[in-house]
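Peer 1: Annotation comment: Swiss-Prot describes Tyr6, Lys26, Gln27, Leu28, Thr29, Ala56, Ser178, Asn228, Gln313, Val314, His315, Tyr316 as substrate binding site. Taken from Swiss-Prot, the feature N6-(pyridoxal phosphate)lysine applies to Lys183.
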Amino acid sequence: MKEFAYSEPCLDKEDKKAVLEVLNSKQLTQGKRSLLFEEALCEFLGVKHALVFNSATSALLTLYRNFSEFSADRNEIITTPISFVATANMLLESGYTPVFAGIKNDGNIDELALEKLINERTKAIVSVDYAGKSVEVESVQKLCKKHSLSFLSDSSHALGSEYQNKKVGGFALASVFSFHAIKPITTAEGGAVVTNDSELHEKMKLFRSHGMLKKDFFEGEVKSIGHNFRLNEIQSALGLSQLKKAPFLMQKREEAALTYDRIFKDNPYFTPLHPLLKDKSSNHLYPILMHQKFFTCKKLILESLHKRGILAQVHYKPIYQYQLYQQLFNTAPLKSAEDFYHAEISLPCHANLNLESVQNIAHSVLKTFESFKIE
């Protein structure tokens, strides 16, 4: 039986050639390709500065540690509970307290729920572009300006996504992207921070590499605390090659999503999120929201899909439900996040899927739901 992952890398001969060139060059790290990758990201996203990292998690930590001077009197940061846990974990690692906001039915933070969470301790808002759909940028920008907050974006899902015909990446003070193997473009593991703030860029650049400023070939100076979060040349070469194909890879995902939309239209079991999009999305995920009557048998539905070779996933368990967060904060459940978690399933959507496979998956999904016969 053929299996279909919810996402997987799309690699070709050019990608392999780019990697082999680095291996043959013997310059495996701290070479020109990481710089070229950063330059290409700036051009692709329309931003001034980009820094590539060995993961989006280390990119988040670097941003959180450097966007502003830390103050114990202003240590709360509002974010979404529907994200991969790194979004909040790195806030904890940086000394901040995450405050979780409600979400909308598209998986993004509810901008109308933010203001009531703001107080004298609030430092910033960290949004997440769920599944590749941009948050309502203007609303968040206005709120941050009104209350003198920093606007940071975890755009790990959203490379190539747009808001009002402009690419995500330049709206917040800084934005983080992920190049993990299941993202629209990949470096196996990897990430980036982009910003138009030159001072912040320099701080993060030092933090990424031991806080060290090289004066010349044999001598340097340590200016601040730092880590080794660099992306090596092998990964940078792969990223550079993948980025050239980003529009094509996005188009393939869009074609798959549109095929799902057509087959799923007006079905009685679930609502796909893709038809609700107003702006271009990376389509990192293809989420569906099951109708409430299916909530109690979600695990059985997922098991049935997997038996059919459809390796669906769930994105995400609310972060505050994890044991660590319950022990630290004992956060009360947020109904919007709870409902989303109970309803959401991510179906296979990636550039390796041909349309015949997408059609077969879609019809198998409908048959799976039909087999449960819940009134």
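Even glycines carry a Cβ here, placed using N, Cα and C.
Describe the structural context of each listed feature in the structure shown, including burial, neighbouring residues and relevant distances.
Peer 2: Remark: Gln313 (substrate binding site) has Tyr6, Ile345, Ser346 as non-local neighbours, by Cβ distance under 8 Å and separation of at least 6 in sequence.
Cβ neighbours of Lys183 (N6-(pyridoxal phosphate)lysine) (same chain, under 8 Å, six or more residues apart in sequence): Ser7, Ser156, His157, Leu159, His284.
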Peer 1: Please give me the CB contact count at 10 A for Thr29 (substrate binding site), counting all chains in the structure.
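Peer 2: The answer is 15.
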Peer 1: How many Å separate the two farthest-apart Cα atoms among the substrate-binding residues Tyr6, Lys26, Gln27, Leu28, Thr29, Ala56, Ser178, Asn228, Gln313, Val314, His315, Tyr316?
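Peer 2: Between the most distant Cα atoms of the substrate site, 41 Å.
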